[in-house]
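Feature list (source: Swiss-Prot):
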type	residues	note
ACT_SITE	GLU34	active site, proton donor/acceptor
BINDING	HIS88, HIS90, ASP101	Zn(2+) binding site
DOMAIN	13-133	domain 'MPN'
MOTIF	88-101	motif 'JAMM motif'
SITE	SER98	site 'Transition state stabilizer'
Amino acid sequence: MPSSSKSDFSFSTLIIPQHYLRAILKVVSSSSVEVCGFLFGKENRVLKVRFIRNRLNSPVEFEMDPEEMLKALEEAEQENLEVVGIFHSHIACPPIPSGKDLEGMKRWPVIWLIVNEKGEYKAWILSEKNKISEVKIVVE
């Protein structure tokens with residue numbers, strides 16, 4: 001599995017190419033269920049986006065398909081990429097972490113990019129002390 005950042009993750013900025021952010025927003029704008037996937041790259045810089053099927057097929061929560069997750073993680077490892085973050089959408093809600101997101105952030109202590117169908121997006125990180133902090137997003 002590719003390495004992911006440790007729980008003492010100190011990056012305060014997520015750097016994402018504009019075409020990747022646009023691709024995520026485009027899929028989210030036409031989806032009736034939460035969209036999810038991985039942000040792969042190096043440190044805090046996104047070099048690849050990988051959509052993963054939401055196996056819950058739900059408009060209010062997501063769970064990445066385990067087989068697709070494994071395949072994506074193996075591909076990233078072959079490409080020497082790390083898990084920079086996880087992205088998912090909220091439908092008809094602001095892009096802020098929910099209680100369920102907080103639980104996921106404890107399991108995956110990386111940046112979480114949350115977007116909605118209005119084109120709003122924010123990124124978040126969970127500290128070791130379970131404090132959620134907003135992460136600045138730089139679109140290149």
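Glycine is no exception: its Cβ is also placed from the backbone N, Cα and C atoms.
Features as recorded by Swiss-Prot, highlighted on the structure.
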residue	record	DSSP (3 states)
GLU34	active site, proton donor/acceptor	coil
HIS88	Zn(2+) binding site	strand
SER98	site 'Transition state stabilizer'	coil
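Using the Cβ center of HIS88, HIS90, ASP101 for Zn(2+), the list of other same-chain residues with Cβ within 8 Å runs, in sequence order, GLU34, CYS36, PHE62, SER89, PRO95, PRO97, SER98, LYS100, TRP112, ILE114. Per-residue pLDDT, averaged across the motif 'JAMM motif' (88-101), gives 96. For GLU34 (active site, proton donor/acceptor), the nearest neighbour among the recorded positions HIS88, SER98, ASP101, judged by Cα separation, is HIS88. HIS88 (Zn(2+) binding site) sits 12 Å from SER98 (site 'Transition state stabilizer'), taking the Cα positions as reference. DSSP places the residues of the domain 'MPN' (13-133) in helix, strand and coil in these numbers: 34 helix, 44 strand, 43 coil. Counted within 10 Å of its Cβ, the other Cβ atoms near HIS90 (Zn(2+) binding site) come to 24, all protein chains included.
Of the recorded residues, HIS90 (Zn(2+) binding site) and SER98 (site 'Transition state stabilizer') place their C-alpha atoms 9 Å from one another. Shown in sequence order, HIS90 are the residues of the chain, 6+ apart in sequence, with a C-beta less than 8 angstroms from the C-beta of SER98 (site 'Transition state stabilizer').
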